[in-house]
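Data block below; observations after.
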Amino acid sequence: MISQESHGPGESHGPRESAAGPGDAAAPVLQVRDLRKTFQPRGLLNAGQPVVAVDGVSFALAGGSTLAVVGESGSGKTTLARMIMGLEPPTSGSVEFFGRAQPRRMRTRDRRAHARVIQMVFQNPYRSLDPRQSVGAAVEEVLRHHFDLGRQDGRARTAELFDMVRLAHNLLDALPRELSGGQRQRVCIARALATNPRAIVLDEAVAALDVLVQAQVLNLLADVQEQTDVSYLFVTHDLAVVRQIADDVLVMKSGRVVEHGPAGEVLDHPEHPYTRLLRDSVPRPGWKPARRPADDSPTVPA
Amino acid sequence: MSALVPARTGPLRGSGGGATVAIRCFGAFAVLLVLLPLCAPLIAPADPNAGDVLSVLQPPSSQHWLGTDASGRDLFSRLVFGSRTALLGPLVVVLIATSVGTALGVLAAWNRGWVDSLIGRLFDLVFSFPSMLLALLFVTVMSPGLFSAALAVSIAFVPAIGRLVRSTALREVNEPYVQALYTQGFGPVRLCVRHVLPNLWPVIVAQVTMSFGYAMVELAGISFLGLGVQDPTADWGAMINTGQGSIVRGFPQESLYSGIVLVLAVVCFLSLGDLLSERRDGGRR
Ligand SMILES: Nc1ncnc2c1ncn2[C@@H]1O[C@H](COP(=O)(O)OP(=O)(O)OP(=O)(O)O)[C@@H](O)[C@H]1O
Ligand SMILES: [Mg+2]
């Protein structure tokens, strides 16, 4: 069905792919070691006091698995994701894909190879598509940049990707502003899938969507994972979502990892007080939107 | 130039219908102004450079609709042909200034760091030079004429366009869509040309239109000083100058008419630019 399915990062495709090249097939898709990022605030008044956004984060992401990164706003989740994506050079530490370290400053060919391994879906679906480009063209552009496809094949493969994320074909020529938030987020997912990546970073990809669409997109992600064995790094602050989709969870606070382990274990028996706080500050299962959150009596519907 | 009447800036179409009508009117006038030099030989009843010593400083008549100048040349024909240099000059200016300014502005916004600082200082340097002075410098080094004057004004206009493009591009470059494309491994040139620039078009078009008007004034000023277009070529700025001699003899028509068409044309382009940039500001996503 998918003509490029075999073009995994485990195979060599000439000099172009060398930067993220074959690497070690047994190594995890993504390995982050002691990653740190400090921002030096500019400006006259608050100069001097650096902000430590990410502080010594290490983890590994195995093939076909889902790692959730949770933490309050400002805990450094987006900064972590941006460093992994090469959008922000780390202050120190390393990011490895299949055991191969990512260069600190990536040139265009490095980024191109990198895009074949990992993709990102950004936090804001309203701004992550070029407002002047039809959404079909956006996906097709990425496809044809990475694969040697003619116009016809590019078009056909784009339609396949739209099927995969359950978007109607009549939306291919629509501009982003003509789409709903959920539809745009699906376009972004389709675009991320276009390169057949081994991992996708989703930065609060469903946070802006309503509960129903959120559930659809989550199911969609699960289906895609089943089909392609892609790994997810799922940034969220919704613990209910974590329980639903994640294998492992990493809890961040002020740039540090305070807890890391299998999702069920961490959520059921949190060891760190901060995790407990996070868990207790979200609605439990059985909570009804109609009821006020303060109402703590555990009523289970019949 | 019909691209100056865009109907494509979608998001806030309905809002400001009055502005849209005004844009259409000024746009239509601008198109007429642009057609004028192209059709000059068809419109002008006489050769603009053919003098007749027997009919100098004639009042308007059926033969000379706007009268004649001190050399007996038909003023109406000279005004019509004068539109050629009056529009060609600013056209050269906006072409050079916009391409150089846009390239530098996008370069600065994309690279930031020392590239940005360097380009910023360059803009400051050029900006601190009065454009008249720059023009004087150029016509002395080269030779008086439309081209050296236009080149000088182009350079003087680069900082304004460059700074505007830089600040707009800086905002655009930080948009997630650019970052998403960046992570896809697109090269910086392709990203800027295919994605960033098209999104800056509304800003650039508004600025170009306004610069066109300003360039007209600057070039007319230079020609007025005798450093731009040279006699006998007809030019509005130069005609204001040559007409001065006859004002004291009681014949203000040459300076007056060329002054009026110049002001009308400049007002048209400035207003059009103003309206376009207003609509752009109101229409930001
Ligand atoms: N470019 C930057 N310059 C300076 N400080 C920054 C920059 N980017 C992020 N920070 C700071 O780093 C910290 C972490 O920000 P980050 O965006 O990673 O948080 P987050 O966990 O994604 O939050 P949210 O859940 O709200 O998206 C914040 O204190 C923020 O102010
Ligand atoms: Mg964030």
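Backbone N, Cα and C atoms are what each Cβ position is placed from, and that goes for glycine too.
Marked as transmembrane segment by TrEMBL: B:21-44, B:87-110, B:122-140, B:146-165, B:200-227, B:256-276. Feature annotation from TrEMBL assigns domain 'ABC transmembrane type-1' to B:83-273.
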Long-range environment of the transmembrane segment (B:87-110) - Cβ separation under 8 angstroms, sequence gap at least 6: 33-34, 36-37, 116, 119-120, 122-123, 146-147, 149-151, 153-155, 157-170, 172-173, 188, 192, 196-197, 200, 204, 207-208, 211-213, 215-216, 218-219, 228-229, 265, 269
Sequence-remote contacts (6 or more beyond its ends) of the transmembrane segment (B:256-276), Cβ cut-off under 8 Å? 4, 19, 22-23, 26-27, 29-30, 33, 66, 75, 79, 82-83, 86-87, 90, 202, 205-214, 216-217, 220, 236-237, 239-240, 243
So which residues does the transmembrane segment (B:146-165) touch in its own chain, when a touch means Cβ under 8 Å and the partner is 6 or more beyond its ends? 85, 88-90, 92-94, 96-98, 100-102, 104-106, 108-109, 119, 123-124, 126-127, 129, 131, 134-135, 137-139, 200, 203-204, 207-208, 211, 214-215, 218-219, 222-223, 227-229, 235
